[in-house]
Amino acid sequence: MMKSQKKLLIKIIVVQCLLVLCVASQDFDFFYFVQQWPASYCDTRRSCCYPTTGKPDEDFSIHGLWPNYKDGKWPQNCDRESSLDESEFSDLISTMEKNWPSLACPSSDGLKFWSHEWLKHGTCSALNQHAYFQTALDFKTKSNLLQNLNNAGIKPRNGDYYGVESIKKAIEKGVGHTPFIECNVDSQGNHQLYQVYLCVDSSASKFIDCPIFPHGGKCGSKIEFPSFSTNDDHDEF
């Protein structure tokens, strides 16, 4: 075989391998885009620690953008050789500190949290690091959860309870698709709004109706939407 033919054959093999890898990396049906309410993270018995950048605003924050299958399963850790590279998304870091903070203890700058989300979920998304984080930030802006709830008279206030259906309808009115509401329990045993799941198509371009909702985190008929603005500013809640 001539050298030129060998080179051509090698190129064909490389292209075929890349195509297989590309298809494999997109082997999922949709994303869950998950946002959490900080007060409901912090007022549980495990408590929380504010980021080194300071206490977050009273607003929903991003938990993650997670590839999923329609059968309820999900891919994870699709590239074990990958590592978080700050230089790839350095222009997003200040926005991520505001919209995607870590409330885990001990206090941190968010890099460990973002690394976990990238390695477990982002490596399965068919997006590079910058696109993955930028896409999640864009969907947070598009969903505008707090404003949609405020428009329906649903405001974070300790001691007030709201119907889960009214919360879902308020978000659906603003976003155009029904969310899944996950609840947790505060230190007094009250059920409260914890996380909101919205679904995104596999190309990460638009919200869609969820093919399947998560299991667990069920709510009572009425739940609390606790205030985060009344908490004292300190490193550990």
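We count from 1, first residue shown onward.
Backbone N, Cα and C atoms are what each Cβ position is placed from, and that goes for glycine too.
Predicted automatically and left uncurated, TrEMBL annotations should be read as such.
Taken verbatim from TrEMBL:
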type	residues	note
ACT_SITE	HIS63	active site
ACT_SITE	GLU117	active site
ACT_SITE	HIS121	active site
SIGNAL	1-24	signal peptide
Task: Round to a whole number and give the Cα-to-Cα distance in Å for the pair HIS63 (active site) and GLU117 (active site).
output: 8
Query: Around GLU117 (active site), which residues of its chain at least 6 apart sit with Cβ under 8 Å of its Cβ?
result: GLY64, LEU65
Query: Which site among HIS63, HIS121 has the most other CB atoms no more than 10 Å from its CB, taking these as active-site residues?
result: HIS121
